[in-house]
């Protein structure tokens with residue numbers, strides 16, 4: 001296990017460096033820059049504005065400048081939001097995205113798992129058909145469409161929730177639901193399949209034969225076996241929730257990392273976009289490692305090397 | 001008992017969820033703002049010297065106040081006048097060159113310091129300083145020697161000042177051009193008379209790098225004053241900002257050369273002086289009739305010296321550090337969420353400021369903005385999604401008579417136009433450009449595409465500036481257009497190469513370009529391609545003249561035709577058409593020093609006529625400002641510059657309750 005973790009850590013570092021380098025040169029090769037504006041300035045002022053961020057230096061010099069600072073965790077100042085350091089932008093945006101992501105994940109798990117278990121236990125019942133259709137819709141409908149419908153119904157018809165914004169607990173409800181929906185749908189499908197698979201196995205029959213209560217059989221024996229595909233889906237799901245939140249954050253006007261990332265990229269704020277790319281990449285890599293580790297915890301037959 | 005590891009995962013998830021829920025519940029229940037508005041993009045900075053945008057302007061105008069302010073005219077609120085701000089009055093000398101401002105005695109900064117004339121001397125010096133990358137610095141170049149100072153342009157014989165490289169920023173790195181974190185607090189300053197400028201070149205041909213070093217007769221000081229008549233001491237200086245290879249060579253070749261942060265014309269030579277605490281004397285290079293409007297423009301607002309010297313940039317802009325002198329203070333900023341402003345009790349006119357808390361939201365999406373407006377979460381929205389326009393108009397039409405509408409649409413000083421690349425044949429022929437212009441039916445564009453009451457344009461300068469006649473292109477005339485094109489050698493468009501229209505990604509730009517494409521095909525048999533580019537790429541292409549026709553727009557910085565016309569002088573940074581006309585340049589130049597206002601406007605009209613005849617640009621339409629404001633907001637008046645000072649706004653609470661009740665909102 002320790003060897004596995006050390007090797008993983010080295011790979012994560014190499015991957016981060018590659019992602020950094022690739023994003024850096026990709027970004028600089030796109031025309032335009034953080035200083036582009038409709039208004040042009042006298043060359044002297046233009047030079048000074050660019051000098052401030054080393055933009056007049058050749059690429060390798062800039063790359064070295066940014067990379068060497070990034071190694072110390074300093075992503076320098078934002079090139080567009082002049083009053084802020086990139087670290088300030090990330091530390092303000094991350095809690096918003098993380099809160100939204102965790103709530104959506106929890107919601108997706110609770111809804112998905114319960115719907116999946118119910119569907120499997122009452123297979124082919126009306127409830128099963130209903131959950132399955134809902135899941136199909138949930139997967140098929142992109143979350144911005146869902147958000148639109150949710151706003152129409154819950155904001156303008158029922159007037160239950162605010163249209164957008166960030167500041168009160170109630171502000172999180174609609175975005176978390178919209179973000180969670182497709183994942184809940186997918187998880188319910190995975191759970192249902194997993195459960196059906198497990199319920200037909202010998203050890204479940206044995207458990208029933210021993211005279212255990214069916215709730216004990218289901219929750220203690222069956223669910224654990226059915227959980228494995230769901231857990232392996234968690235890695236991609238976290239990545240999905242991170243990228244999915246770009247759209248949701250924008251629609252619901254949440255000042256999360258997704259919003260900052262979109263803005264930084266469109267405004268060519270090199271330092272900020274690089275900083276956010278790094279944080280997100282690190283997060284996805286770490287999440288994947290955690291998922292791999294959890295396999296072993298759930299199923300002792302799996303050994304990590 | 002051994003803890004089963006398999007419980008770890010669900011427990012971790014449970015823990016995280018608990019933390020997330022706690023975070024959500026812990027959201028500080030902010031007191032609601034009295035007035036909330038959608039400000040568009042997040043402001044780049046609240047430092048008045050570092051920004052140029054409209055959203056920035058709204059926030060900075062609330063935080064800082066200049067000598068004068070632009071307010072609605074009490075007699076006719078739809079026109080703006082310059083009213084006293086931090087200055088109570090001014091006198092203008094007979095030659096219209098010297099302004100003497102009298103600064104009010106009862107004004108204090110939020111840190112308790114009195115606001116004095118010296119604050120402007122400091123602020124404007126910082127603004128013009130060669131090492132502050134301030135984008136709007138050129139707006140102060142009307143002041144005598146300001147441009148020279150700002151760009152470090154020096155000639156032999158000039159009185160100069162030199163900053164030694166003994167200053168360091170908060171991170172203790174040496175301050176070289178633009179890289180200084182402090183920008184302004186200065187190192188040791190030496191003053192002297194420039195005796196020689198020596199140019200040094202390293203390398204050959206294209207790779208050659210040149211730099212300069214300066215020989216200065218440094219003057220001693222006597223009783224704290226510079227003794228300009230003394231003999232002085234000859235010293236040599238080189239700027240740290242020179243190219244590395246050049247700097248090395250100079251350091252090697254010239255003995256005793258000293259490295260310095262900057263060397264520029266002496267500040268004493270610049271026409272900005274505080275004669276006492278409450279008198280500011282500004283001397284201009286030329287009579288500038290719109291100077292008072294410039295003085296009321298946010299980049300000219302003063303900043304507090306103590307605050308800047310204590311914290312440096314950007315730390316001085318943090319809510320906990322910032323010192324300001326305007327009607328509001330900065331309570332907090334949440335990045336890309338909101339800026340909260342609170343009434344400044346120390347503001348000289350605080351009793352007339354009615355709003356206590358204002359939230360400026362950085363909402364980008366027009367649809368989200370409208371959702372929030374309709375849901376009663378914001379009171380003023382600065383742009384409208386065009387698809388919703390008709391519904392909103394219907395909604396207003398259904399209102400009771402006498403009540404204010406939500407939609408406030410009114411003309412403004414912005415023009416939508418196409419740049420023509422005059423360096424590419426056949427567009428280098430003025431007849432061809434005129435033909436293109438006359439073949440575009442602008443009426444059709446405003447009627448079917450923009451649809452909010454925009455006005456078809458036949459000039460660059462929008463209508464509405466008093467006393468200005470302007471130049472004109474003439475009305476839509478396909479027949480004349482065909483004649484001009486035939487005259488240029490392309491009868492019925494034969495032999496005319498395919499041209500491209502460049503525009504940035506936006507539905508409206510695309511629709512307008514398609515209409516123009518069809519009209520040019522129909523009227524002139526010219527084939528046109530559309531080329532859509534993302535914003536930054538589009539700007540780069542336009543700057544590098546990589547286009548045939550390119551969409552553009554220009555908004556007045558101050559209410560005067562010059563703000564539009566001076567951009568098209570030869571090699572002007574914002575010209576971007578390759579067009580050049582000596583007579584035009586001369587007229588713009590002469591108008592700048594013309595003391596008679598009527599004559600000056602006549603000269604500008606004449607210049608605009610040249611621009612319209614030569615047609616390096618094709619005017620399309622004049623913008624309208626599109627605001628949507630809740631009718632309970634008092635003192636909100638549409639005007640040509642789309643300026644809406646926050647400190648005069650007021651909420652009619654009874655009306656608000658009534659409207660919210662009627663719409664079922666909380």
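Don't overthink the numbers, they just go from 1 along the chain as shown.
From the backbone N, Cα and C atoms, a Cβ is placed for every residue, glycine too.
Curation does not apply to TrEMBL; its annotations are automatic.
TrEMBL lists transmembrane segment for one of the ranges A:80-97, A:170-187, A:188-205, namely A:170-187.
Of the given residue ranges A:9-30, A:31-52, TrEMBL assigns the label transmembrane segment to A:9-30.
Relative to the transmembrane segment (A:170-187), the listed stretch A:100-122 leads the set A:100-122, A:134-158, A:230-253, A:273-295 in CB pairs under 8 A. If one looks beyond the transmembrane segment (A:134-158) by at least 6 residues along the same chain, the residues whose Cβ comes under 8 Å of a Cβ in the stretch are 115, 174-175, 177-179, 181-182, 184-186, 188-189, 244, 247-248, 251-252.
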